[in-house]
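Q: This structure is in structure tokens; I'll ask about it shortly.
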Amino acid sequence: MDTQRFVITMNGDNISFIVGDNAINHLSEEAGKYDSIVIMISKTVEEMYANHIPDVGSFGNSVVKISLNDGESLKSLRNYQKIVKVLLERKVDRRSLLVYIGGGTVGDLAGFVASTYKRGVMMIAVPTTLLAQVDSSIGGKNGLDFSDVKNVIGTFYNPYMVIDDTVFLKNNSFIIREGMSEVIKYAIISGGDMYDTLNRCSIDNFDACATNIIKLSVKIKSEIVNRDFYDRTGIRSVLNLGHTIAHGIEGATKGSISHGKAVATGMLVEAHIGEKYGNTNHEVIEAIRDLMKRYGIEELNLKEIGPGNILRYISNDKKIMEGYINMPVPSEIGKVITMKATERMISDGINTFIKENDAS
């Protein structure tokens, strides 16, 4: 399938998106406009796709390549300092281009480097997982972890181009399932074209649908982010659908459950909470469950994880104020509301979900 090009304006920045098979081939042409280029690339991606990624040596007169290990531990001040030291030693100036090629953690670190080095350099994002393509590469957020707190240091900074190459997704059902949890979230939030598209496609014919799914995801998230770019008014919090329970699951399992699985089951539980307290139509629960099955995402056994363990981590969540948490719940397909949920209400919802699964 041919690549699709479109432009999204976000917080006054015009961001060019190139989406589709072999979209990365456009990188050489764009990078060639710069005399000095910094490439921050995932070692895993570099090894797996050595024959697919263009030769970075052909990008410009001066190329600094920094290969990085994936994972949350990458996002540290120490790694940031190491990279800045290399850039200074190589005399990289603020007219340079920074390109990152990798998943969400590489993007988080690269975005922070691009936004702070010499007070900001131009950046091209080449996210290589579906989760990064539909979520973390959109919205300007980047971040470093410090003192065991995730993303406590960070900025809002947009790339001027995002290249979403769908070749990186082929024959990798795990990264498709991980990303589809967030895409299903968009379908529940927005309804319309995204919901219809996901019901026409499936994990079995994902390749044929990938470009359109990514394009719709970019547009939905951008629309929401544009109304609350700096995440100050609460509008952007709708994107946290599924994440309240997901954070509890991830904490209770010490990260052994993947983010995508946690978010998908989180949406189901939050919909149960909404239904129990009169805010959610039952059809939403069935819609989430059907889409999860359609894309091969299994429901987690929360009984094994332990409702008390999940609730304990949620109770420590920074968003809890005055005994309740502002939690987005779907009221119907295409509509999400914010519900003031107490610990008791969350506990009831988790137990209702467990009982329903035990009975099925």
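Even glycines carry a Cβ here, placed using N, Cα and C.
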Q: Can you match one of HIS259, HIS272 to the Zn(2+) site that Swiss-Prot gives for GLU182, HIS243?
A: HIS259
Q: Among LYS82, LYS150, which residue shares the NAD(+) site with ASP70, GLY71, GLU72, SER73, LEU74, LYS75, THR128, THR129, LYS141 according to Swiss-Prot?
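A: When Swiss-Prot describes the NAD(+) site, the candidate it includes is LYS150.
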Q: How many whole Å apart are the CA atoms of LYS141 (NAD(+) binding site) and HIS243 (Zn(2+) binding site)?
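A: LYS141 (NAD(+) binding site) and HIS243 (Zn(2+) binding site) have their Cα atoms 17 Å apart.
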Q: Report, in whole Å, the straight Cα-to-Cα distance of HIS259 (Zn(2+) binding site) from LEU74 (NAD(+) binding site).
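A: Spelling it out, the Cα of LEU74 (NAD(+) binding site) and the Cα of HIS259 (Zn(2+) binding site) are 17 Å apart.
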Q: In the structure shown, which of the binding-site residues ASP70, GLU72, GLU182 has the fewest Cβ neighbours within 10 Å?
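A: GLU72, out of the binding-site residues ASP70, GLU72, GLU182, has the fewest neighbouring Cβ atoms within 10 Å.
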Q: Far apart in sequence but close in space: which same-chain residues, 6 or more away, have a Cβ under 8 Å from HIS243 (Zn(2+) binding site)?
A: VAL263, GLY266
Q: Quick one: largest C-alpha distance among ASP70, GLY71, GLU72, SER73, LEU74, LYS75, THR128, THR129, LYS141, LYS150, binding NAD(+) per the record, in angstrom?
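A: Pairwise Cα check on ASP70, GLY71, GLU72, SER73, LEU74, LYS75, THR128, THR129, LYS141, LYS150 gives a maximum of 22 Å.
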Q: Enter the number of other CB atoms within 10 angstroms of the CB of LYS141 (NAD(+) binding site).
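A: That number is 21.
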